[in-house]
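*Asks:* Annotated topological domain 'Lumenal' per Swiss-Prot: 80-544, in sequence order. The motif 'HXXXXD motif' annotation in Swiss-Prot covers 146-151. Residues or ranges marked as motif 'EGTC motif' in Swiss-Prot: 220-223. Annotation source Swiss-Prot lists Ca(2+) 1 binding site at D404, N406, D408, S410, E415, citing sequence analysis. Summarising the annotation, Swiss-Prot assigns domain 'EF-hand 2' to 428-463 and lists sequence analysis as the type of evidence. Taken from Swiss-Prot, the feature Ca(2+) 2 binding site applies to D441, D443, D445, Y447, E452. What Swiss-Prot lists as compositional bias 'Polar residues' is 520-530. Under the heading compositional bias 'Basic and acidic residues', Swiss-Prot lists 531-544.
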Amino acid sequence: MNRCAEAAAVAATVPGSGVGDSGLRPPMVPRQASFFPPPVPNPFVQQTRISAARRLQMILLGIILLPVRALLVGLVLLLAWPFAVISTVCCPKKLTHPISDWRRKITQPALKFLGRAMFFSMGFRVTVKGKVASPLEAPIFVVAPHSTFFDGIACVVAGLPSLVSRNENAQTPLVGRLLRALQPVLVSRVDPDSRKNTINEIKKRAMSGGEWPQILVFPEGTCTNRSCLITFKPGAFIPGVPVQPVLLRYPNKLDTVTWTWQGYTFIQLCVLTFCQLFTKVEVEFMPVQAPSEEERNDPVLFASRVRNLMAEALEIPVTDHTYEDCRLMISAGQLTLPMEAGLVEFTKISRKLKLDWDGIRKHLDEYASIASSAKGGRIGASSAKGGRIGPVSDVLRQLFALFDRNNDGSIDFREYVIGLAVLCNPANTEDIIQVAFKLFDVDEDGYITEEEFCTILQASLGVPDLNVSGLFREIAQGDSVSYEEFKSFALKHPEYAKIFTTYLDLQTCHVFSLPEDVQTAPSVASNKVSPESHEEGTSGKKVD
């Protein structure tokens, strides 16, 4: 981090902006719009405040309703179990063929009735909007937002389609048998081929022409607080068949159903819900959405379009959070940071910065070692004094100006990850190192003198009075630098790649700036590195 601080600071300093001798300038590349903070910072938290009057009401109602409803739910489950046995007896746990027609005709009507009876006994008042599509019209239902275990009511209303569920759930006594009666697609956490097998199974059933039951999928993959729609996983959209979006709403004054990573437990929510006079839920079946030819070839595009339609109907925003953000939240809590510190919008960060979960998790460890002692789990310039980043200095302030994307005086984990990837990302292949060496070797004698190094670096950064002698002395073993010395230093310290290749990378402003805000890059001193070489070195870059 210290070397990154030096590298970032060198790239950020220009004269005359009022910070020390050299001052501060805005980052060389303007902020990328797609990296702006999400409209909903944390969709995985729920804080329900219950007034004293409401508590008293719940206690009085609960004295009667809680035991009665618990008894009724238990009774319904016991009544449903024999039908589940008839539906699954002598059938393998992982079905290769659909349940026979005679089993369906005996069990399905009874299970549908008992499913509705169970939610009625729990106090749910269900409103259904729209028309349920037939298996031929839409083999797959996609349900959102997914916010609670009570969302199973969508399965009952849709006519008991198959679910995608963990293999362990099918092993649970009583409930496991009921789940198997729905002919679920089971996912194994220990099988390395589980994801591929699950997708193939969904594809096979979706394209069976109605032979299998419809499949109901919660594409978000985890529960949220219904304040937004997070990233849809592409599994339900890979078959390229029409899907029917299903919206869930819980329009109650007191929210007793939301089950998130930070909030009430399963038992607490059951007790709170059972103590309500009734709980309203709306299930809306939207028009069937058929994929275009382009969307058949790109399930992520199909998922994105369907998500946007559902968000528009719900009048809520979309974010790029996903289940991996939940894993990072848990990791942050284990590192004594606030759980929300781990939220980064994993889908967006991993896609745009080419980072996988392990890489971001490693950055979280680094971040925690700096921020664990800071208030609120955020890095501040003053709180970092004497720590790993170093004392508060002009260099540190310059680094903060680059990392602090929202200019609030502190760096959260999301800003930290983006800053490291953008500013300190190693970019030193041997070809780039060779071009960089030629850039500095003005007289083409195979060595870089201090004068050559300073002249080109100052010109390429647009900072004519920048002092880079210290950096030169760190590279050089004498009065000049050979190619082998230059290469050795660049490979050992990849964080300086941004400095060595600034001349070749000025076009990155097109990648990280808003289209209307793209500014003309400062002119730089030319040497014998030809324009053709420059184009070759940059033509592979992809503009966002």
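Even glycines carry a Cβ here, placed using N, Cα and C.
Where in this structure would I find these features, and how exposed are they?
*Replies:* Sequence-distant contacts of the motif 'HXXXXD motif' (146-151) (same chain, six or more residues past either end, CB-CB distance under 8 Å): 119, 122, 124, 218, 220-226, 248, 250, 257-260, 266, 269, 273, 281.
Averaged over the motif 'EGTC motif' (220-223), the predicted model has a pLDDT of 91.
In the three-state DSSP assignment, the secondary structure recorded for E415 (Ca(2+) 1 binding site) is helix.
Cβ environment of D445 (Ca(2+) 2 binding site): no same-chain residue six or more positions apart lies under 8 Å away. According to its DSSP assignment, D445 (Ca(2+) 2 binding site) is coil.
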*Asks:* Rounded to the nearest Å, what's the C-alpha distance separating D443 (Ca(2+) 2 binding site) and D408 (Ca(2+) 1 binding site)? Just drop the number here, would you?
*Replies:* 46
*Asks:* Take the C-alpha atoms of E415 (Ca(2+) 1 binding site) and E452 (Ca(2+) 2 binding site) and report the distance between them in angstrom, rounded.
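*Replies:* Here the two Cα atoms are 35 Å apart.
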*Asks:* Ranking the binding-site residues E415, E452 by other Cβ atoms within 10 Å, which is at the bottom?
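*Replies:* If we count Cβ atoms within 10 Å for the binding-site residues E415, E452, the smallest count is at E452.
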*Asks:* Around D441 (Ca(2+) 2 binding site), how many other C-beta atoms are within 10 angstroms of its C-beta?
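*Replies:* I count 24 other Cβ atoms within 10 Å of it.
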*Asks:* Just give me the nearest neighbour of D441 (Ca(2+) 2 binding site) among the binding-site residues D404, D408, S410, Cα to Cα.
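*Replies:* Minimum Cα distance from D441 (Ca(2+) 2 binding site) across D404, D408, S410 lands on D404.
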*Asks:* Using C-alpha positions only, work out which of the binding-site residues D404, D408, S410 is nearest to E452 (Ca(2+) 2 binding site).
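*Replies:* Comparing Cα positions, the closest of these binding-site residues turns out to be D404.
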*Asks:* Using an 8 Å cut-off from the Cβ centroid of D441, D443, D445, Y447, E452, can you name the remaining same-chain residues around the Ca(2+) 2 site, in sequence order?
*Replies:* F440, V442, E444, G446, I448, T449, S480
*Asks:* Would you count the other C-beta atoms found within 10 angstroms of the C-beta of Y447 (Ca(2+) 2 binding site) for me?
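*Replies:* Result for Y447 (Ca(2+) 2 binding site): 19 neighbouring Cβ atoms inside 10 Å.
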